[in-house]
Each structure stands twice: as C-alpha cells, then as structure tokens.
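Trainee: Here TrEMBL flags 160, 161, 207, 276, 340, 393 as Ca(2+) binding site. Annotation comment: TrEMBL describes 1-22 as region 'Disordered'. According to TrEMBL, the feature transmembrane segment maps to 42-61.
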C-alpha cells in the first residue's frame, strides 16, 4: 500500500529575516577612528563630517552584507507548488486541474487583425479510494480565451504545456519561443527562449516544461531535422534550456541523452522518438518521458500521423540508464493518438498519472483525449474524448 504524501498548504519561508551571526555595531567600528582623529588634531567640523560619512558608509555596508546573507543562501529557492483537493464521503479524492490548447493555424482570431488565442479549460478528476478507477468532469462554461498580439510570421499562442514555477503558472508558445505567465485571461511574456545552443535568432519550439533542483527545464521534440535525403540539417531540437527564478537562461546539449534514450527504447537513428510529455519526479528521483511518436524509419509527414506510441521511459537522475514500459500492454490501440502532456496526480508519490493525447490526421478535425494510468503502465481510465475539436497540449493540477 502506497503511503499518501502530505499535501503542503502553506508556502515555505524563503527569506530569513535575521542574519545567523552577530554583527559589530557602528559605534564599535568607529571607536578607533575617533581616537586617531583626536590624536591627529583634525578640526572639529571636519572631524564630525568624517565621522558622519563613515557612519553612513558602515550602515550601508552592514545592510548590504545582511542582504547578501539573506538573498545569497536562498536566491534560487522557489515557492513550492500547492494543489487543491477535496476528500469525498466514499474515500475518493477530487482534484482541480486545467488544460490549454495549441491550435496551430486556428489560433488566429479571424475577427481581429492582430490577435491570436489559446483556450484554457477547467476540470475535476475524482480518484477512487482503491485507486482502481477514476472519472473526469469538465466545468461547463470554463473555457477562456488567452490572447496576444505578439507573433512570428503570423503564428502565435500555440501553447504546448503548463507548469507552475515559483508561484507563477507558465506556458510556452512553441511558435514564438516566448514563455508566458498565464494570469486570468492574460498571457504575460516573461522569457524569450531561442532555438538550439543559444546563438540563434529563431524562437525555440518548446514542447514540455518540468522542474528539477529549483530550475525550470524547457525542451523540444528531441529529434534532429532531416532533409528528404535523410541528411541531418539541424540538431537544435536536441538542446534544452534551464531557467532560474530570475529569468536567466542556460542552453544545455542533450543530443547524447536523446540518442541514448531512443536506442534503449529500440528506435535508433534514423528512426526517432518525439517528446512532448516529460516530467522530473522529485519523489521518485526519476525522469519520466512519454513520447508522442515512435518510428523505426526516418520522418515522413503523412506516415508520422499514425506513429503514436504507448512507451513510457524512466531514467535515473544522470540520464544514463533507461527503463522502457508499455502503457496498457504491448499493442498500441490507437496509433493516431499521441501523448502531448501529463502531470502526476498529487498526493500519491508520483505513482499515478493523468495524461493528454492528441490526434492530428490530415483531412479531419483535431481531437484530444484524457487518460489515467499508474507508473507501472496499468491503465485506470481509458481514453476519454474532450468536447470540441481543439488540440489540447498541456495539463496541470492546480
């Protein structure tokens, strides 16, 4: 029986109000100076001016040291995540969550010249006391437009994930490379992420966000681009970013990581895995990768539509060892559906997962599904279609 983790309801104190060590007061520091000034027979007025300036200097210096003490030890610590749950009379628990869209070209608001939108939708997931069943209910009328005028070549608001970082709900636009804070009906730009090693002018195609060691990780598909001949033309999608709470961005080369992973899963180059659903589990100290597509052959657009997979890949913190699990058994029941996002259901030690699947097939409207399974790959709730022909690509428990 899994022990249920306590759900934190209050934010940890992240700034200490008092320094740990006592400090010498200004009077103690100035006493030798007074003696020297007297011995040198400095005029009284000049004496007072010197003393006043030095007092001011010492006060500022001590305050600065205090700030360094306070901020220096905790400057990278982020506000912990909080979630809302209700315990029901039958022992089940109900959790609030939110999903967000990536509608590609349909993000453009036709009635307004320079406006693009994404849609958020609220839902409730009820998880049975025996953890063998789950149900999802969507809150009627909760769909809300999130709009912006910022775009790249007429494309924008193709939001691909959701994550709360340092108390802010964030979502990346995989077309512009902007990382937005989602606040009510507003998308507030926070950080621009450029593609590849950080020396490019094009926005990063961010597909997933997660948090590890107080840093926000942002990554893309994790597969290189090839031309029609099969030659590699860009490895930019195999670089990831880390962002700290001050918005400082670092580019990290994950080419070896993604290459090792697909080989371990049985899809070596020129085959590929594409990733849109990645999370770090602090509780289990493991990476979770649930690829959207898996192919033994090079990318072909029309064939990629039905390359959906049921792989779940777990990796140790150093990303050297990988364990591959099949969700729901060996057979892929719906190869036209691929995982686009997931989140751990709170309170169960990261052992239960709610995930979003997307379906994009040429000539038909996009579809989205939600499913629930455990970390062993056992399905608890089969795919349930979301209303409307929207492509949802982010899910987050709030």
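Cβ coordinates come from backbone N, Cα and C, glycine included.
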Trainee: Within 8 Å of the Cβ centre of 160, 161, 207, 276, 340, 393, which other residues of the chain have their Cβ, at the recorded Ca(2+) site?
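Mentor: These residues sit around the Ca(2+) site: 102, 174, 208, 277, 292, 341, 394.
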Trainee: Going by DSSP, is residue 160 (Ca(2+) binding site) part of a helix, a strand, or coil?
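Mentor: Coil, per DSSP.
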Trainee: Fewest neighbouring Cβ atoms within 10 Å: which of the binding-site residues 161, 207, 276?
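Mentor: Across 161, 207, 276, these binding-site residues, the one with fewest Cβ atoms within 10 Å is 207.
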